[in-house]
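Novice: To start, I am sharing the structure in question, which I have written as structure tokens.
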Amino acid sequence: MMMWQRYARGAPRSLTSLSFGKASRISTVKPVLRSRMPVHQRLQTLSGLATRNTIHRSTQIRSFHISWTRLNENRPNKEGEGKNNGNKDNNSNKEDGKDKRNEFGSLSEYFRSKEFANTMFLTIGFTIIFTLLTPSSNNSGDDSNRVLTFQDFKTKYLEKGLVSKIYVVNKFLVEAELVNTKQVVSFTIGSVDIFEEQMDQIQDLLNIPPRDRIPIKYIERSSPFTFLFPFLPTIILLGGLYFITRKINSSPPNANGGGGGGLGGMFNVGKSRAKLFNKETDIKISFKNVAGCDEAKQEIMEFVHFLKNPGKYTKLGAKIPRGAILSGPPGTGKTLLAKATAGEANVPFLSVSGSEFVEMFVGVGASRVRDLFTQARSMAPSIIFIDEIDAIGKERGKGGALGGANDEREATLNQLLVEMDGFTTSDQVVVLAGTNRPDVLDNALMRPGRFDRHIQIDSPDVNGRQQIYLVHLKRLNLDPLLTDDMNNLSGKLATLTPGFTGADIANACNEAALIAARHNDPYITIHHFEQAIERVIAGLEKKTRVLSKEEKRSVAYHEAGHAVCGWFLKYADPLLKVSIIPRGQGALGYAQYLPPDQYLISEEQFRHRMIMALGGRVSEELHFPSVTSGAHDDFKKVTQMANAMVTSLGMSPKIGYLSFDQNDGNFKVNKPFSNKTARTIDLEVKSIVDDAHRACTELLTKNLDKVDLVAKELLRKEAITREDMIRLLGPRPFKERNEAFEKYLDPKSNTEPPEAPAATN
């Protein structure tokens, strides 16, 4: 910084040579620009001055460049003097000097660049035009060809009889032609009528007879630039549009092969914005990084193998599938599979989002689809991946434009259908797509010949979660005690996270690393993983949210009711932890259960889950004179389960084997059943919930002392684990149905459980 300041202080002497003349030259040009002489005379004068000053100005610029370059080269590097004791110091001094030379060299190159010349040209041009069109004040010098005052005109010329003719130009400028010399003097007036009266008065005082008085002629004279004024807004607008277009079109393309920055070109809105990936790009993800979805990975790998070695399949008469659609819940790895395909394939891979086809301009979506497939065919064999295809692939005729108006989304979908399976279809272009909602896609898009394979990627089971954990644990700095048995660690974490997707697992691993760093721990331990899992499931601990004693006691008995019900119900999920620490958005307490990976739920399981959900409210009813609003989420879950049992699962004798599911995603104005049936459904739902409430009340009434024990322990510790529950209540009277839980979390389960209290349904 000091070096730059020292050089900058030495520069002004050279920089002054950039001016276009000293004070004497400025005083020569300025009166010419501001004078009221005829325009052609001003232009001739300016032309002469420009001719005389051109050589001088170019010489000054060249001398500035030479002096500035010498200053850069000869200026000593103060930081590098006297530091020759080591190679490291010498190298750093050389690099500093090189950086300074590059910095000043770029400055001198800028002054010689075309951009600087254009800027100076525009500045000088606008200055000249503004000066020519702007009235100016009086100037010193000879009276000819300059602006006078009316008093000067009267005393110097009119009273002496030196004026032969007077011209009133444009009703505000008076030009007086002198006798014999043909010179012209001028002055401005405010009103023509007042000027004529003043002329008559002066000539009356001079006793000039009417026949000898000076004739006054009125003329209209336009400036060479006056005709531009009506077109000036249009010129500025077109010039601005041209400048913006040049800037946008000249922006460099993306590194991944996409369009340029900004709008991607004002006249290129119909171009595809797909990004190109190949083996030269920075995509480092391969199929080794994908775990937990082996079947889907095998399906996608076949596309890559076919493009790499088509002869293996063609000799058997097989053809490559035209496309595959990946569907499943968010976070299950659909986009990750596409990235792995881009990293493994030796063919061009074009990636685009479905929303990039949707624009405000009509026809842009279809144009981009055509351009995308044209680009893919030019690089065939190639792969196209369209993420979130439901943005353009929704079923036609639903949710479209009203009144039969043109729907841009449908036009885009029609073009996509034609490109995938039409007259110009290429067998060498494979289309992959991802969506979270395959149920809303158009049937024509999902048929064989377009998307031949429908690959469903569900949330991973315990084995899939274990494989995903093994992938993510490799990059973490774990406690040496944990690295000795990675299979056991990954299995335990997989058991602790039922229902987690690949994205949830990656988030939990990252949260564990962040928690360890927050506590300045050198390694990540199992305690950090447990805290991270709780953070992902229940939210952040709200330690600053202080509850009153009554609120805390109410929350403790509420959670104790849930825990005791779950402990003594056969089909309840294994309890892992109960806490009354506020978490997340409004949650004052929570209980963590570990449900097994199951795909069928019996009627008895539904009823036991409803009993456990009502345990919090029933515990409040048994221990407090008034209940609280803490059970509103429990009621919501109970109502949903009871309603599903009656309307869609056939678990109600009065409704029978009928389905009235209202959650099919389609809006219906009229219900598919009568009012009488609706009343019957309401009564059946209420009956199931009442039965669950009655059974829960009987169960907790028989175990009031156990509820008190758990609640007091919660008030003392704020969080209790499964070991605390065993210490307080004894082992569960039922064998756990979760095999992974017994293997990784409860290896010493009791083989002879005690008799369980009865729970009527």
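Note: Cβ is positioned from N, Cα and C throughout, glycine not excepted.
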Novice: Which one of Asp504, Asp521, Asp633, Asp634 goes with His558, His562 at the Zn(2+) site, as Swiss-Prot has it?
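Specialist: Swiss-Prot lists His558, His562 binding Zn(2+), and from Asp504, Asp521, Asp633, Asp634 it also lists Asp634.
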Novice: Let me know which member of His305, His454, His472 Swiss-Prot also records as binding ATP at the site of Val290, Ala291, Thr332, Gly333, Lys334, Thr335, Leu336.
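Specialist: The record-listed residue among the candidates is His472.
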Novice: Out of the binding-site residues Val290, Gly333, Thr335, give me the one sitting nearest to Glu559 (active site) by CA distance.
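Specialist: Checked the binding-site residues Val290, Gly333, Thr335; minimum Cα distance to Glu559 (active site) goes to Gly333.
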Novice: If you count CB neighbours within 10 Å, which one among the recorded positions Glu559, Asp634 has the smallest count?
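Specialist: Among the recorded positions Glu559, Asp634, the sparsest Cβ neighbourhood within 10 Å belongs to Asp634.
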Novice: CA-CA, which of the binding-site residues His558, His562, Asp634 lies nearest Leu336 (ATP binding site)?
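Specialist: Closest by Cα: Asp634.
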Novice: In the topological domain 'Mitochondrial intermembrane' (137-223), how many residues does DSSP put in helix, strand and coil?
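Specialist: So the counts come to 26 helix, 23 strand, 38 coil.
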Novice: If you compare CA-to-CA distances from Gly333 (ATP binding site) to each of the binding-site residues His558, His562, Asp634, which comes out shortest?
Specialist: Asp634
Novice: Do me a favour and check the Cα-Cα span between His472 (ATP binding site) and His562 (Zn(2+) binding site); whole Å is fine.
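Specialist: Here the two Cα atoms are 34 Å apart.
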Novice: When the Cα of His562 (Zn(2+) binding site) is compared with the Cα of each of the binding-site residues Val290, Thr332, Lys334, Thr335, which one is closest?
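Specialist: Its closest listed neighbour, by Cα, is Thr332.
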